[in-house]
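Asker: Take a look at this one; I'll ask things after.
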């Protein structure tokens, strides 16, 4: 079925920054996708095209990317008369049209918007939900797997004020019997945590960060973990809800000294207190021994390969590569060869097409890795990643706290999918690292 129209416009993300929205029109109707954007972005990511005109949107406009869709990509795709169900051919065509390895010509934000909107058109033409279409494209087996929601309930690092260096502390309801029960448990812990934060750190500690987590003026990781552990206990889930961290350590790595500065938000940080990767690895291990930590993301900087391999050899929890791998096939291949981590954080806008995202997941699965599908800190009401997570059987999704509508939109979509699938789906639960084999 031919595409009759492709139209892009500039809309806003959850941080008030412009982003690209794409409409694709076929005989089945209008199919729309909105592209997210990140705050702490890896330098090896596909290129997000921003206008750079400081007089508008502080340089963050996306009018060039929108124009690229409306004047270059759209007309070329329509002229090519591609079948919307053949996602890999469409994405290959988009990449050829751009002609650069990192999509810097037309912009990954322009290309991804078109790729995802066409995927929705493909699902509609087949008369199936988007997750089912993605499952077909990826060749995943049945039953469907509903992911464990990794809920970012406490923010530090680049996402928050206080001195806390680590970026995200997540609760993991992996012993729940279903997705909906896991989400309920998470919401209950979140409310206890909010009340505790206000009580201990004052009323403003209940204010939420970019991803819905609280951001009290916390100094250390121990302090954050104690607060979360107490909230879990108050909610009655001790031993049932686990914890995950996203350290985002590239943000506080000192490449000259090859050290990590846990006081990086302090301009007068004392260099004698900066840590070597071995010292930082020991800190993680001591935290994992004391708290119920099941997953650590980006424990080391994106090009500190030696540190990753060192840590991997001696750890038994999930080690997730985000800035390290940036959903990029070449980086994933290198991480597999060097035995750097055992799970991929999958962000569709890091690579820029649905087909390449599916391939990144398959490459990771092939080496026994886990895959966690992720939002970005600048999100929208678009729920595509919920369908991607179910379609790929990823077993884990990270989409913020159970707060702020752009975060809940994804979680609510999985609730709908759970209801629709009924007995034809299983909850990943404690098998979240191996859910592709369930």
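Cβ coordinates are placed from backbone N, Cα and C, and glycine is handled just like the others.
Below are the features I grabbed from Swiss-Prot:
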type: ACT_SITE; residues: 211; note: active site, proton donor
type: ACT_SITE; residues: 347; note: active site, proton acceptor
type: BINDING; residues: 159, 168, 297, 322, 374, 375, 376, 377, 398; note: substrate binding site
type: BINDING; residues: 246, 297, 322; note: Mg(2+) binding site
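So where do these features actually land, and what's packed around them?
Answerer: Listed in sequence order, 38, 322, 326, 327, 374, 375, 376 are the same-chain residues six or more apart from residue 347 (active site, proton acceptor) with CB atoms under 8 A from its CB.
In the three-state DSSP assignment, the secondary structure recorded for residue 374 (substrate binding site) is strand.
The Cβ neighbour count for residue 322 (Mg(2+) binding site), using a 10 Å radius over every protein chain in view, is 27.
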Asker: Please report how many Å separate the Cα atom of residue 246 (Mg(2+) binding site) from that of residue 297 (substrate binding site), as a whole number.
Answerer: 4
Asker: Could you round the CA separation between residue 398 (substrate binding site) and residue 211 (active site, proton donor) to a whole angstrom and send it over?
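Answerer: Residue 211 (active site, proton donor) has its Cα 10 Å from the Cα of residue 398 (substrate binding site).
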Asker: Mind giving me a neighbour count for residue 374 (substrate binding site)? Other Cβ atoms within 10 Å of its Cβ, every protein chain shown.
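Answerer: If we count other Cβ atoms within 10 Å of residue 374 (substrate binding site), we arrive at 28.
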Asker: Once the chains shown are all counted, how many other Cβ atoms turn up within 10 Å of the Cβ of residue 246 (Mg(2+) binding site)?
Answerer: 29
